[in-house]
Amino acid sequence: MSSMPNHQKVVLVGDGAVGSSYAFAMAQQGIAEEFVIVDVVKDRTKGDALDLEDAQAFTAPKKIYSGEYSDCKDADLVVITAGAPQKPGESRLDLVNKNLNILSSIVKPVVDSGFDGIFLVAANPVDILTYATWKFSGFPKERVIGSGTSLDSSRLRVALGKQFNVDPRSVDAYIMGEHGDSEFAAYSTATIGTRPVRDVAKEQGVSDDDLAKLEDGVRNKAYDIINLKGATFYGIGTALMRISKAILRDENAVLPVGAYMDGQYGLNDIYIGTPAIIGGTGLKQIIESPLSADELKKMQDSAATLKKVLNDGLAELENK
C-alpha cells in the first residue's frame, strides 16, 4: 500500500480487556471510519459494538460492528490482541505455547480473506507472536509490527517525569529489547528537554543506583498491576491506538515497536523492541540507537532469550 484510503477500516481480533480498551481509545480519538470486532465470544463483541456506538455523539461518527474474519478482506489494519491472559506469577514467555496455538488459528483465516493491509500484534509474548504472525502470514516484514516496548517506554517516561517533576511528554527515553523480563532502559540516549537524563540526575542528586531502581520498577510494573487488579489494559490499549494512528494517518512517527531485525544491533531473524519510523506503509525505517557497549550486550542477550523460546515454541507447534 502506498497510502491510506479516505475510508479507513480496522479489524480488532480479540475482545478481551486489552481489545475493548483499544476499541474505546480508537473511538475516543475518532480514528478510522469503520471498526470491526472479532472474537469467539459473539455476545461480547455485539455488546461492545453497541456500547461503543453510544459514544459517537460525543466523539465522531463511525461504523462499529461485530464481525467475522471475512471482514478483514478490505481492512487497512488488523490488530491482534487475542490470547490467553498473563496470570499472577506468570511471565510473558510462559504464555508462548498456548498463544502460538491461538495465533495460528487466527492468521490463516485473516490472510485467506484476502487481507492485504498491516498486522499490528499485541498478544503476549508479543515479540514471539509478532514473529510468528510474520511467518504464518507470509507478509513482508514491514507490514507486520508488534507493540514491542511501546508501553514499557511510556512507563519509563512516566517514571522519569515523576522523578524529575516534568511532563512525561517532554521525556525522550526508550525501553528496548524484549517486552518482558530482559528489557532494559537505554539511558545513554535518554534526554529531558535535549539534556541527557544522567546529567539531569547528577544535578538533582539522583544516583545511577536510583536510576537502576527506577528501571526495575518499570520492568516490574505489569506484575504490580496484575497482582492488584488481574490484568493490564488501559496503557497497552492507548499504546496500540497511538501506533494505529501513526499508520492510518501516515505520520512517519518515531515509536518504540516490535520490529524485524536484519543486521541492526548485530541481530538477525528476530522481532524485538526498538525505535522505528511508522507510517502508512507500516514500518518504514528502524532507528538504530547508538547504545553503549553495556546496553548493546543487553539488547543481544534479550534477543538470545527470545530466540530460544521462539525456536522451542515453533518446534512444539510443528510436532502437534
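In case you wondered, yes, glycine gets a Cβ from its N, Cα and C as well.
From a predicted model like this one, the values you see are computed outputs, not experimental measurements.
Features reported for this protein in Swiss-Prot:
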BINDING   Val18, Asp39, Arg44, Tyr69, Gly83, Ala84, Ser105, Ala122, Ala123, Asn124, Ser147  NAD(+) binding site
BINDING   Gln86, Arg92, Asn124, Pro125, Val126, Asp127, Asp152, Ser153, Ser154, Arg155, Thr232  substrate binding site
ACT_SITE  His179  active site, proton acceptor
MOD_RES   Tyr223  phosphotyrosine
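Structure coloured by features recorded in Swiss-Prot.
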residue	record	Cβ within 10 Å
Val18	NAD(+) binding site	27
Arg44	NAD(+) binding site	16
Gly83	NAD(+) binding site	25
Gln86	substrate binding site	21
Ser105	NAD(+) binding site	11
Ala123	NAD(+) binding site	31
Ser147	NAD(+) binding site	31
Ser154	substrate binding site	21
Tyr223	phosphotyrosine	16
Thr232	substrate binding site	21
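Gly83 (NAD(+) binding site) has none of the recorded positions Asp152, His179, Tyr223, Thr232 nearby, counting only those with a Cα within 10 angstroms of its own Cα. As a whole number, the greatest separation of Cα atoms within the NAD(+)-binding residue list Val18, Asp39, Arg44, Tyr69, Gly83, Ala84, Ser105, Ala122, Ala123, Asn124, Ser147 is 24 Å. Under the DSSP three-state reduction, Ala123 (NAD(+) binding site) is assigned to coil, being neither helix nor strand. Cα spacing between Gln86 (substrate binding site) and Ser147 (NAD(+) binding site): 16 Å, rounded to the nearest whole number. Using a 10 angstroms CA-CA radius around Ser147 (NAD(+) binding site), the recorded positions that qualify from Val126, Ser154, His179, Tyr223, Thr232 are Val126, His179. The residue listed as 'active site, proton acceptor' is 11 Å away from Ala123 (NAD(+) binding site) when you measure Cα to Cα. A distance of 24 Å separates the Cα atom of Thr232 (substrate binding site) from that of Ser105 (NAD(+) binding site). Packing around Val126 (substrate binding site) is summarised by its Cβ count: 31 other Cβ atoms lie within 10 angstroms of its Cβ, all protein chains included. DSSP classifies Thr232 (substrate binding site) as coil under the three-state reduction. A gap of 16 Å separates the Cα atoms of Val18 (NAD(+) binding site) and the residue listed as 'active site, proton acceptor'.
In this structure, the C-alpha atom of Val126 (substrate binding site) lies 7 angstrom from that of the residue listed as 'active site, proton acceptor'.
Nothing from the recorded positions Asp152, Ser154, Tyr223 places its Cα within 10 Å of the Cα belonging to Arg44 (NAD(+) binding site). Taking only the Cα positions, the spacing between Asp152 (substrate binding site) and His179 (active site, proton acceptor) is 7 angstrom.
When the Cα of Ser154 (substrate binding site) is compared against those of the recorded positions Ser105, His179, Tyr223, the shortest separation belongs to His179. Look at Gln86 (substrate binding site): DSSP puts it in coil.
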